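Structure first, then comments.
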Amino acid sequence: MQNKKSRVFSGIQPTGNIHLGNYLGAIKNWVDRQDHYENIFCVVNSHAITIPQDPKILKEKTFELSAMLLACGIDPKKSTLFIQSQVQEHTSLAWLLTCITPMGDLNRMTQFKDKSQKNPKSILSGLFNYPNLMSADILLYQSDFVPVGEDQKQHIELARDTALRFNRDFGETFVIPKPLIMQEGARIMGLDDPSKKMSKSSGDKPNHLIALIDTPEEILKKFKKATTDSQNLITFDKERLGVYNLLTIYQCFTQKSQKTIEEEFKGEGYGKLKSKIAEVVIESLRPIRESYNYLITQKDYLEKILAEGAKSAREIAQKTYQDAKEKMGLI
Ligand code: AMP
Ligand code: TRP
């Protein structure tokens, strides 16, 4: 008999445009390893409102992201896909965890520091508490692994600490989760400024990110404009951020070794490198964009998948939450 599969849980926020960093750092890994694990994926709309959102746009983005995850290859027969706000145990457990998490631990979170600096006049307490909601997401499902990009490592470490603390103080309740971070693609940088992480919130800068729904023309144009350096040397050199980032993107899509790639581009210039990468990215994203354009018109199908997803998520979440609540003495 085969051993029971380990469970993975991961989430993504329905804000901005999903980009190549989200795809290579997270989604592609979820899709590629769907047979290997028992999978639960969540569109974390309750996380999104830690930064003010237009309600109408948030709703649209929630469906768009769900359609995009299916278009990327999340298979509802193999994975549970659902919307966070449709399973109320997420916010309920987050409260219990908020009550056992010191402010000092939350104060250390670099994402909180970064995001609060962007709008220092109005720092919402939800943004500060965000990691507790993320811990609740993960712990509710007794997740073994959490596949994410590099930027989420600190939050998962906090979720581990929280689980350990709860188990110690109230008795064995939660599985202790581990981050699952790929070696390549875990931190894709902006094409315009390769010293900054590619991020949805910089999406208003025209050449910063490649969105998964960008047209072939847009993709080619953005790669052509990507920042490099003046050395005209195509090697995996971590010091030369722009070229390293481009080569990493190429490597993630082609699955070739660094050595093979360096051989391939020996003696070539950056112009050739850029057009070759653009070609590979365009061809890889083409079926995703086409599938997305179809799925986004299939509202009934989408709603059905998400309702089924929420139902199976709820079954697990309710059990864990009841247990945690009782252990803390709540009637
Ligand atoms: P978010 O866009 O913050 O909801 O992130 C969703 C997932 O994408 C998380 O697992 C992130 O770690 C991952 N991610 C976001 N930006 C990048 C990036 N530039 N490179 C690699 N992974 C990323
Ligand atoms: N905080 C994550 C991000 O911004 C999204 C997220 C929310 C998440 N809950 C999660 C990721 C649980 C993994 C597991 O990218």
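Every residue, even glycine, has its Cβ placed from backbone N, Cα and C.
Among the ranges 87-91, 197-201, 257-261, the stretch that TrEMBL annotates as motif ''KMSKS' region' is 197-201. Range annotated as motif ''HIGH' region' by TrEMBL, chosen from 14-22, 32-40, 221-229: 14-22. Note on the motif ''KMSKS' region' (197-201): mean pLDDT across this stretch is 91. Each of the binding-site residues ASP137, GLU150 was assessed for Cβ neighbours inside 10 Å, and the highest tally belongs to ASP137.
When the neighbouring Cβ atoms lying within 10 Å are counted for each of the binding-site residues (GLN13, THR15, ASN22), the highest count belongs to ASN22. Between LYS200 (ATP binding site) and ASP137 (L-tryptophan binding site), the C-alpha separation comes to 22 Å. Separation of the C-alpha atoms of GLN13 (ATP binding site) and ASP137 (L-tryptophan binding site): 13 Å, rounded to the nearest whole number.
Across the fold, the C-alpha of MET198 (ATP binding site) and the C-alpha of ASP137 (L-tryptophan binding site) stand 24 Å from each other.
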